[in-house]
Amino acid sequence: MKTSDYLKKYGVRLKKHLGQVFLSDDRIAKRIVKAADLTPEDVVVEIGAGAGTLTEELAKTGARVIAYEIDESLAPILRERLSKYPNVELRFEDFLKAKDVPEGAICVSNIPYSITGLLMEKIIEWKFKRAIVMVQKEVGERILAKPGKKTYGYLSVVVQTFYEVKKLFDVSRSCFVPNPEVDSTVVDLKRKPVDLDFEKFKKFVSMIFAKKRKTLKNNLKPFLSIFEGVDLSRRAEQLTVEEIVELYEKWRRALECSRG
Ligand SMILES: C[S@@+](CC[C@H](N)C(=O)[O-])C[C@H]1O[C@@H](n2cnc3c(N)ncnc32)[C@H](O)[C@@H]1O
């Protein structure tokens, strides 16, 4: 049965505010799952199972699949489609409030676009070893952007500090029901062995990008004594992720020393 048939059968009305545009083309789901290269030993987390098109393809790999879905009205569809797969666990809860996500899992999701930023931060916090996520095309460009590009900013730096990023492929809006107003991109994120205090790091990155066209000197005004001898004449958007982490470490160590 097709996704649209399931929606009709259960009389489900889609909720725009939850980003409910569902994959209607299961070839895309198959392509995503193929790229994930899963084995039965893997633990996969899906954020936003929707009508289960991607979930079912994930289930077929034999991996343990934990699928989060905030909207319980989709439960009858998901149960009908997935009850034959004992390796799938459905969790009807808000992923942003999730309490027990297994560490070292792989996230494979077509995420709700309105909360992409928050979800990317959660992906970092839960230390997924890999994340293959479909995002709005323009957001994908920001995630993948290199220094000097217009799209390089807070999101690029935060994600690229923790993950090697790679574009997999674009997905046309025609592959969804209903057709969204935007195209999509699937990105592949591979965890780097980085250990940083994420809360503090986010604060620092927000600060240096606060006024994007201004120099570091301008954005770091309250902390200039920490950076004596450092060239602050560039803008944050010109710095590599490694250079930003180096500045952050200087800032963090100085603040820790000053607190004694
Ligand atoms: C873009 S749809 C993807 C659905 C399905 N995976 C697919 O590819 O067809 C996003 C799904 O995420 C769900 N969702 C939205 N916010 C959520 C949250 N905070 N936690 C869990 N699921 C959420 C929506 O209800 C929706 O079903």
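Just so it is clear, glycine is given a Cβ too, placed from its N, Cα and C backbone atoms.
S-adenosyl-L-methionine is bound by Gly48, Glu69, Asp94, Asn110 in TrEMBL, and the record lists one more residue there from Leu14, Leu23, Leu82, Leu144, which is Leu23. The Cβ of Leu23 (S-adenosyl-L-methionine binding site) has Thr3, Ala29, Gly50, Thr53, Leu54, Asn110, Cys175, Phe176 as same-chain neighbours under 8 Å, each 6 or more residues away in sequence. Of all the binding-site residues listed (Glu69, Asp94), Asp94 has the fewest other CB atoms within 10 A of its CB. Per-residue pLDDT, averaged over the domain 'Ribosomal RNA adenine methylase transferase N-terminal' (28-193), rounds to 97. Ranking the binding-site residues Gly48, Asn110 by other CB atoms within 10 A of the CB puts Gly48 at the bottom.
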